[in-house]
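Heads up, the thing below is written out as structure tokens.
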């Protein structure tokens, strides 16, 4: 009898208030160009880095979770904001340029090493200008300012 009563109350709440009110912690999206949606883990949200990638997801039942996602036509940038595709092509730091090139950028940590990634197609991203390399914080600095590699 107790079980039957709980089911009736739950059905009543569902009919009167709808599915979203049964959520324990309703979310709100506060950033511009975001909407709340029921999101599956695959495919992942489109970002400036993965917007050209086609994801193949397995046909398995996966739960969706409420999550703030970028509205159609917008992509998540490295700061977590939703921006247009044109804005994705603008680099945030000094001494950077946007291009379609190698998978590896010049980095202080890997100076004079070959890129271990074989390029199948060009990668659209921000690269350091000639004579600059990324430091451990991801900023492009003059190569002459890169810390020396520890000797083994």
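Note that Cβ sites are derived from N, Cα and C of the backbone, with glycine treated the same way.
For 29-88 (among others), the entry in TrEMBL reads domain 'TIL'.
Per TrEMBL, domain 'TIL' is recorded for 91-146 (among others). Note on the domain 'TIL' (91-146): mean pLDDT across this stretch is 85.
The signal peptide annotation in TrEMBL covers 1-21.
In terms of DSSP helix, strand and coil, the domain 'TIL' (29-88) has 4 helix, 19 strand, 37 coil.
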